[in-house]
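Visitor: Below you will find the structure I want to go over with you.
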Amino acid sequence: MSHNHSHHVAATSMLAKMQFGESFICQSIHKINSRGIFSGDDPLAFSLPLFLLQLFLMFIFTRLIYLILKPFGQPFFVSQILGGVTLGPSVLGNNSAFSDKVFPSKAKNVLDTLAFFGFLLFVFQLGVKIDPTTIYRSPKRTFSIGILVFFVPYTLSSIVVFFLRHFASLDHDFSKMLSIVVEIDCMTTIPVIAGFLAELQILNSEIGRLAISSSLVCDVCYWFVVTIKYAVHLTFTKSIGVTIGSGISCTLLILFVVYIVHPAALWAIQHTPEGKPVEEIYICGVLILLMFCGFMGEVIGLNAVVVAFMVGLAIPDGPPLGAALVDKLDCFVSVVFLPMLFVIGGLRTNVYAIQKVKNLGAVQLIVCVAFCGKIVGALLPLLFCRMPFRDALSLGLIMNFKGNIELALLINWKLLNALSNECFSIMVITILVITAIVTPIVKALYDPSMRFLAYRRRTILHHRNDEELRIMACIHEQDNVLAILNLLTASNPTEASRIDLVVLHLVKLVGQASSVLVAHMPREKPRKHATQSQKIFNVFSKFEQAYRGKLTVHCYKGISPYATMHNDVCYLALEKRTTFIILPFHKQWIIGGTTESTFAFKQLNKNVLEKAPCSVGILVDRGSQKKFWCGYMKESIYQVAVFFFGGKDDREALAYARRMSEQPNVHVTLFHFSSTADIVGGTERSKILDTQVLSDFRLNAFRNDRVSFKDESVMNGRDVLSAIEYMESNYDLVMVGRRHAESQLMSELKKWKHGELGVVGEIFASLNIGAKTSILVVQQQTRFWGSRDAEETTPLRRVDI
């Protein structure tokens, strides 16, 4: 009786495993114990120096290979695989002396166990980064792409496997492995796609967002098929009791994660004030729940890795809890554990094990069919939606990316003896080749900045007074708000010439897999602890109420990596047909007159200046602004100075000042610099346009007593510096163009300052011209369709393409 009972329990536990078979961790511990790793001498003390040596060698080879392949556009994943293969039997490991000393059998078993634990944390971390509710917010084409990208290659490759098994003379054991090849090739995992998109710097592009959403649907399709196959296998091969018991156990664990873990995470978030770090007790609690759920999953037959991913999905992504967990685990996992994954993958990859050409040909045939099937599955709905073929092809190629998840699954199947050395080596090399080929092709095919070309001139200079002026204000933090509100107030919103304002709060992507660009929806009941975004948007809502009928505000929040944050700015500017983008300067003045500089914001401004579909203004705020926008009803005066040397950017700044001069509480002073010699270089056409714009400005402001002119005759750069220093603190805002053509004067000024604000803008930002003075450095639109000459249009001749 006892024997039968124990046999029944063992059978139930074994049969309840998912498709992956017996648990990785159980098998690893069994191997370690069977080889005496934890008995007799102390192997861990012996293995620690060896373990550090293995990691060091992996780091050296990976970095060296990455430096070699980087000029060819290869991702870091390719270098990691090659680093692992280099240490394996394919290269260095082929030397028995090296293999025995650096990777002895006992060390391999310990490495396997640690790698599994690290992979469990890695998968949990990936689950934390993913927002599963994204699938409900996705458009219909996302569902069609995700479904077709999985089922088209799955169907085609399954048909190929059927014919190979019946008409090709393959070994019986090898033919059984082809189903694993099909599953690996048809997978499209969101963590892998997100990682490659981030490395290609297109995570928050149109194709990037589409790929993220589609890969999530594809993941759901994959796990649906795996679950159905597992249920069918249990139904036809095992008893009803085993099938029902397995289903109930899995359901209870899922309910525990959904109704216990998820609410507990939400409770921890609600008890964490905005901007404050998460308490360590919450982090420890989540990790304890992770280990408990993983253990329970192993008990009932679910793979601990699958359970870890489920627990990660239950944790809300982003700050505060999700970001804190990722921050705590990321360095440890990526630096210590992931290299182990590539080491054990490389140690089991042996190119010399590939002996039969027909086996290699069979796998490659399946791979090619699945590869083409994914492209076809992506092309069909996208071409139906009239997306350009180049973009649709790029998405199809992106969906073929392979990464850490696929490699880990291959290693798992290899350790369970579901894959032979030959098949395993073929698949690892195939993953390497596909990723190495696809990455540079996608880089060549898809450039998000090409989508940021407007079909007309979007400048203030070419803007009609009776048209609505569309402005976008980018905000990093609350300190940026006051200076922008003063500038918008001075921009003279009226009922005849309204301002359509888009406010974009830019937030760094932390603890999330995919970028977010969403419109802000006001809450009927405000939260007890308002987020920073809500505080910023509330101020602009009050601003909209103060100018009701004259100004409309649209609030957006963009969460993306700093490296690609400009894509959100340019995309939204193109979508909203923006005329002028306002960006905060990367340096921030704080109490005491000192400054703080942010390199990430500097790169953001640089990228927007290069790729924006309209004119751009960099606003330098010295931190001592008066509240002009609050005091406009009390006859508060806002003093504006415009420095005009010549050139298209100065003309754009002067056009903006002309609009400001119509504001009753704004006084504008134009400083026109002239000289007997050419003060600013450029073409004759540009100089004619300068004269026209100046004459037009003087004519319109002739009867306006709030506008004054100062002609400054200068001979050298020192005269310009003297004029700037003479201004002292008389002005609230100074406006100047960013770019000026080469001339002797500008060459002299470059000796003092030169940077992203241009020659004159950098001088203004560096000199002490008054704590209350803000500087607006203006750049006119640089690119639009059908134009090679940015100065081909004039204020008198508009272009409507």
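Our numbering is plain: 1 for the first residue shown, then up by one each step along the chain.
Each residue, glycine too, has its Cβ placed from N, Cα and C.
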Visitor: Of the ranges 332-351, 392-411, which one does TrEMBL flag as transmembrane segment?
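Guide: In TrEMBL, the transmembrane segment feature sits at 332-351.
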Visitor: Do any residues, 6 or more residues outside the transmembrane segment (113-130), come within under 8 Å Cβ-to-Cβ of it, and if so which ones?
Guide: 24-25, 28-29, 32, 51, 190-191, 194, 216, 290, 294, 304-305, 308-315, 317, 322, 325-326, 329-330, 332-333, 336-338, 340-341, 343-344, 404-405, 408, 411, 511-514
Visitor: At a threshold of under 8 Å on Cβ distances, which of 44-69, 142-165, 210-232, 363-384 pairs most often with the transmembrane segment (177-198)?
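Guide: Going through each listed stretch, the top one turns out to be 210-232.
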Visitor: Within the same chain, where does the transmembrane segment (244-269) have neighbours whose Cβ lies under 8 angstroms from its own Cβ atoms, ignoring anything closer than 6 residues to its ends? I mean 6 or more beyond.
Guide: 12, 15-16, 231, 234, 278-279, 282, 285-286, 289, 293, 296-297, 300-302, 307, 310-311, 314-316, 320-321
Visitor: Do the transmembrane segment (76-93) and the transmembrane segment (363-384) come together with 3 or more C-beta pairs under 8 Å, pairs six or more apart in sequence?
Guide: no
Visitor: Quick check on the domain 'Cation/H(+) antiporter C-terminal' (639-782): DSSP residue counts for helix, strand, coil, in that order please.
Guide: 56 helix, 33 strand, 55 coil
Visitor: So, do the transmembrane segment (44-69) and the transmembrane segment (363-384) meet, by the test of 3 or more Cβ pairs under 8 Å (sequence gap 6 or more)?
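Guide: By the criterion, they do not touch.
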Visitor: Can you tell me which parts of the same chain pack against the transmembrane segment (332-351), counting only residues 6+ beyond its ends and a CB-CB cutoff under 8 A?
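Guide: Same-chain contacts beyond the ends: 54-55, 58-59, 62, 80-81, 83-90, 93, 103, 108, 111-112, 114-115, 117-119, 121-122, 125, 404, 407-408, 410-411, 414, 421, 424-425, 428-429.
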